[in-house]
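**Student:** Please read through the structure below; I'll follow up with questions.
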Amino acid sequence: MGRLVMKFGGTSVANIERIRNVARHVKREVDAGHDVAVVVSAMAGKTNELVEWCRDVSPMHDAREYDAVVASGEQVTAGLLAIALQTIGIQARSWQGWQIPIRTSDAHASARILEIDGAELATRFKERKEVAVIAGFQGITPQTGRITTLGRGGSDTSAVAIAAAIHADRCDIYTDVDGVYTTDPRVVPKARRLDRIAFEDMLELASQGAKVLQVRSVELGMVHNMPIFVRSSFDKPEDIDPHATPPGTLICSEEEIMENHVVTGIAFSKDEAQISVRQIEDKPGVAASIFGPLAEANINVDMIVQNVSEDGATTDLTFTVPASDYRRARDTITAAKSKIGYARIDSATDVAKVSVIGSGMRSHAGVAAKAFAALAARNINIRAITTSEIKFSVLIDAAYTELAVRTLHTLYGLDQA
Ligand code: ADP
Ligand code: ASP
Ligand code: MG
């Protein structure tokens with residue numbers, strides 16, 4: 001007997017029939033003798049609709065009210081799943097973030113979980129064998145007592161945080177694919193499912209755009225050494241033996257991984273914008289005069305490329321920001337023009353970042369060089385490059401994203417046979 005967290009994403013709870021299917025998955029684990037906490041997302045498309053509604057009312061809406069609106073999707077699915085469970089004879093109770101409580105920071109729309117009190121859930125497991133059905137994505141900030149949300153995809157983070165709080169043996173993430181693949185299987189049909197992936201590699205994949213897990217959930221898994229198992233909710237619940245290992249991907253510590261490839265996977269993101277500041281003076285303090293105001297405006301700068309000055313007087317500086325921050329970033333640089341001193345700004349929003357990830361790169365040279373040659377052979381122009389110990393990224397025209405991903409996937413031997 002053990003203790004499990006089972007998290008179900010939007011497509012897994014997309015309608016009443018799918019919610020009944022989830023209830024049967026939960027029943028299987030309860031019947032096997034486990035204590036179960038379930039974390040649910042809103043029905044597929046619901047959060048997008050709620051976000052749209054806020055924008056429709058006012059593009060400059062109050063973040064506290066945005067959270068009050070968008071947190072409602074999860075409240076509905078938690079209640080419905082509790083009813084579906086009760087209907088098939090399973091004791092269940094729904095919980096919203098404030099009821100547990102899941103305490104978060106006060107950064108509305110992108111709050112971080114600070115603390116979860118798992119005591120009441122544990123008591124109910126023991127005394128009533130009651131399944132806890134928890135609304136994902138939401139919490140409460142102690143400062144004001146108001147509802148917060150954790151950023152898009154945040155139910156993954158709710159699930160791993162709950163798993164740590166109740167000392168679960170494992171956190172199962174049920175989704176619409178049966179595991180983590182070498183790249184998005186919807187884009188590259190030859191992508192291969194990984195049996196295991198190290199937290200470090202998964203962290204990079206997630207932060208470079210693989211949306212199968214929210215970045216913060218992987219961080220929490222790593223900190224608490226909580227095994228995360230990504231699997232499909234689309235397998236028939238009754239066909240699964242709760243004591244066998246189903247198809248899926250275990251995210252675990254590096255020591256538990258047997259086979260070690262140099263490249264683990266490829267991620268991509270079209271949510272990028274490139275800004276080039278032309279003919280800035282090549283003198284100390286210039287980078288600070290550009291990136292200081294951007295940091296103050298809470299804009300995350302990712303890739304940075306500065307040319308070596310040719311004439312010793314001026315140079316160009318290129319960087320990327322999330323597409324959603326592009327306007328604000330441009331405005332921020334324009335507002336600081338007299339302080340920075342530059343000739344003009346060039347920018348592009350139809351760009352994409354493709355990242356090759358693998359902790360095996362630490363001990364292998366020349367991994368990136370191979371990619372540059374392969375992309376050149378396909379006539380794909382590289383606008384910017386960044387590298388770190390276990391990954392490198394290239395910025396390219398968005399139109400070439402799929403071609404670049406497929407080319408690199410084959411190049412590094414990731415295609416399935
Ligand atoms: P959920 O609603 O269950 O949270 P998401 O849509 O957030 O599901 O995440 C699952 C999706 O992530 C998949 O449908 C897939 O298209 C995408 N994805 C991107 N990269 C990967 C990858 N490397 N492995 C698996 N899925 C990936
Ligand atoms: N429903 C939220 C979203 O769509 C949270 C989640 O699904 O993880 O972002
Ligand atoms: Mg998700």
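Positions of Cβ are set from backbone N, Cα and C atoms, glycine also.
A quick note: this is a predicted structure, and the numbers were derived from the prediction, not measured.
Annotation comment: TrEMBL describes Lys7, Phe8, Gly9, Gly10, Thr175, Asp176, Tyr181, Arg186, Lys211, Val212 as ATP binding site. As annotated by TrEMBL, substrate binding site applies to Thr47, Glu74. For 275-359, the entry in TrEMBL reads domain 'ACT'.
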**Student:** Please list, in sequence order, those binding-site residues from Lys7, Gly9, Glu74, Tyr181 with the Cβ less than 6 Å from ligand 3.
**Tutor:** Gly9
**Student:** Ranking the binding-site residues Glu74, Thr175, Tyr181 by other Cβ atoms within 10 Å, which is at the bottom?
**Tutor:** Thr175
**Student:** Among the binding-site residues Lys7, Lys211, which residue has its Cβ surrounded by the fewest other Cβ atoms within 10 Å?
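**Tutor:** Among the binding-site residues Lys7, Lys211, the lowest count of other Cβ atoms within 10 Å belongs to Lys211.
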**Student:** Rounded to an integer, what is the Cα-Cα distance in Å between Gly9 (ATP binding site) and Thr47 (substrate binding site)?
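**Tutor:** Cα-Cα distance, Gly9 (ATP binding site) to Thr47 (substrate binding site): 12 Å.
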**Student:** Using DSSP and three states only, what is Glu74 (substrate binding site)?
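**Tutor:** In the DSSP reduction, Glu74 (substrate binding site) maps to helix.
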**Student:** Kindly report the helix/strand/coil residue split of the domain 'ACT' (275-359) according to DSSP, in that order.
**Tutor:** 29 helix, 33 strand, 23 coil
**Student:** Only counting partners 6 or more residues apart, tell me which same-chain residues put their Cβ under 8 Å from the Cβ of Thr47 (substrate binding site).
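**Tutor:** Correct list: Gly10, Ser41, Val70, Gly73, Phe137, Arg152.
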**Student:** Near ligand 1, meaning Cβ under 6 Å from any of its atoms: which of the binding-site residues Lys7, Gly9, Thr47, Thr175, Tyr181, Lys211 fit that description?
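**Tutor:** The ones that qualify, in sequence order, are Gly9, Thr175, Tyr181, Lys211.
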**Student:** Rounded to the nearest angstrom, how far is the Cα of Thr175 (ATP binding site) from the Cα of Glu74 (substrate binding site)?
**Tutor:** 16
